[in-house]
C-alpha cells in the first residue's frame, strides 16, 4: 500500500512540475516594454500620467532656426508617428472605447503640439565634434530644444520611441516625460563590408535608417577588398570593369552621392575605406603591376600586397584618392593597413634585394609604404588606420585615428593613448562572429577597460568611440540586415548611454530591464522596415 502511495505521490509531484514547466513557457520569454527608449537617455524622468495621440489633433511647430535637414526630419517623423507605431488605424473622433479613457485618473488629454526650437543655424554635414545633445519635455504641448540640427534629429527619434499602444489597442499613448540627453562617445559607428558580398544601395539605405533609430552616427563603408572592387571610378573605370563581381554590382557616383545625402539627413557621417597595401587582390586584375609577385621554391605562386617600391603604385593611389575624396565630403579617410602578407614580400627576389640594400625588414617596408601613402590624401584629411600601422612604428600625426581590433586590446589601447594618439575601438564588437548574441556585445566598454587598468580619466578620454563591424564572408544582401540588428543595438547603447565608472567592465552585463527594452526596440525596428532578429528567445511583434 505504501508503495502505491509513494508512486502516486511521485506521479502527482511530476505532474505539478510538468504543469509548472508548461506555464513557464507561455508567452514571450521577455515581455517587451512600452514606450521605453533605446539607447537609454542620460537623464529621463517619466510619470505615470499620459496623453493620447491623434494625428488629426496634433501639429509640429518650428521655432527659431530651420533648414532643409530639419524640414526633412520633421516630415519623416510625422509620417512615422502617423503610420508606424503599431496601431492599424487611428481614430479621428472619440469612440465608445476611447470615451471611457476619461475615467482613467492618469489621463491628461490629447497631445496637441510639438514645438521644435533650434537655437543655432544648421550645419551642412555631420562631423566628429557635432553637438547631438537635446532637451525634451513631453506634455500637452511638447518642447524639443537643441543648439544643433543633429541634436534635434536625435530628440525626434527619442520622441518617436516614447509612444506605445494601449493594452486594449484602442489608442496610442505617450507618458509625461522629461529628458536631457547627449552621447558619451563622439564616434558611434558601423562598418559594412560590401566587397565579399555586394550589398545593394536599398539595403545600405535601410542600414542607415537602422543606425538613425539606434543613434549611431558613422557609416564606415569598407567598399572594396580582395574579392571585388565595386567602386566605379571615373578616372580608372577598369578597376570595377574587371574587379567587380558583375557589371550590375557596382556603386556609381550617383549611388554614392545618394547614400551620403541620405546619411546627412539622418546625422550620419560616411567614411570610406580603401584598404592598402593588403586586401587589394581585386585591384590587380586591372593593374597587375601594382601587386607583389609571391614566390615559393623559386616559382611565382600568386600575387600579394601592393608593391611598396613601385612608383606606379603611388601614382595610382594618388589619383584614385583624389577622385574618391571629391565624392566623399567627410575629412576622415580610412586607408586600412591591416593584415599585410609580409611573407610574400620576403619571398620576392626584387624586394629581397631592396631590403638588403636599404637594410630594411618586411615590417619596415610596411611602415615605408604607409608613410608614403598617407601624404597622398588631400590637405586637412584626418587618416584612420588599423592598429597594425601603429604597431609597425609608422610616424603618424597625433590626430590620426587608430582603430584597435585585435587581441590584447586593453594593452594596445593604453600604448596608443600614451603616445598621444586617439583610439577607435572594435575588438569586442565583430558582428560576423557566428552564434553571438546582443548581450555579448553589451559587456564591453572601452573607456572602462582602460580606466580599470590605469585609473587615468585623462587617458581614457582619448578613446573617441567605437564601431561594430559586419564583415561580409557570411553576410549577403539576403541576411545582412538581420545579422546586424539588433545585436549592433547593444554597441549603440554602450556608446551613447551612461556607464557607472565604478563598475568593472568584466562583470558588466546588460541590466535585466534591457532584455525587455530591446524586445520592444526590435519590434520597433521591424515596424519601420528593418528585419531585426528576435533578441533573446520566444516572443512576438505586432506590426
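Cβ atoms here come from the backbone N, Cα and C positions, even for glycine.
What TrEMBL says about a protein is an automatic prediction, not a curated fact.
These come from TrEMBL:
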type     : residues : note
ACT_SITE : 339      : active site, proton donor
DISULFID : 67-122   : disulfide bond
DISULFID : 294-344  : disulfide bond
DISULFID : 523-541  : disulfide bond
DOMAIN   : 37-162   : domain 'Beta-hexosaminidase eukaryotic type N-terminal'
DOMAIN   : 185-497  : domain 'Glycoside hydrolase family 20 catalytic'
SIGNAL   : 1-20     : signal peptide
Number of other Cβ atoms within 10 Å of the Cβ of residue 523 (disulfide bond) across all protein chains: 21
Cα-nearest neighbour of residue 122 (disulfide bond) within the listed recorded positions, 294, 339, 344, 523, 541: 523
Inter-residue Cα distance where the pair is residue 523 (disulfide bond) and residue 344 (disulfide bond), in Å: 49
Whole-number Å value for how far residue 294 (disulfide bond) lies from residue 541 (disulfide bond) (Cα to Cα): 54
Rounded inter-Cα distance in Å - residue 67 (disulfide bond), residue 523 (disulfide bond): 32
Integer Å distance between the CA atoms belonging to residue 339 (active site, proton donor) and residue 294 (disulfide bond): 16
C-beta crowding around residue 122 (disulfide bond), within 10 angstroms: 15
Cβ neighbours within the same chain of the residue listed as 'active site, proton donor' - under 8 Å, at least six residues apart: 278, 279, 386, 388
DSSP-assigned states of the domain 'Beta-hexosaminidase eukaryotic type N-terminal' (37-162) in counts, ordered helix, strand, coil: 40 helix, 38 strand, 48 coil
Cβ neighbour count within 10 Å of residue 67 (disulfide bond): 15
Winner by Cβ contact number (other Cβ atoms within 10 Å) across the disulfide-bonded residues 294, 344, 541: 344
Confidence summary for the domain 'Beta-hexosaminidase eukaryotic type N-terminal' (37-162), mean pLDDT rounded: 92
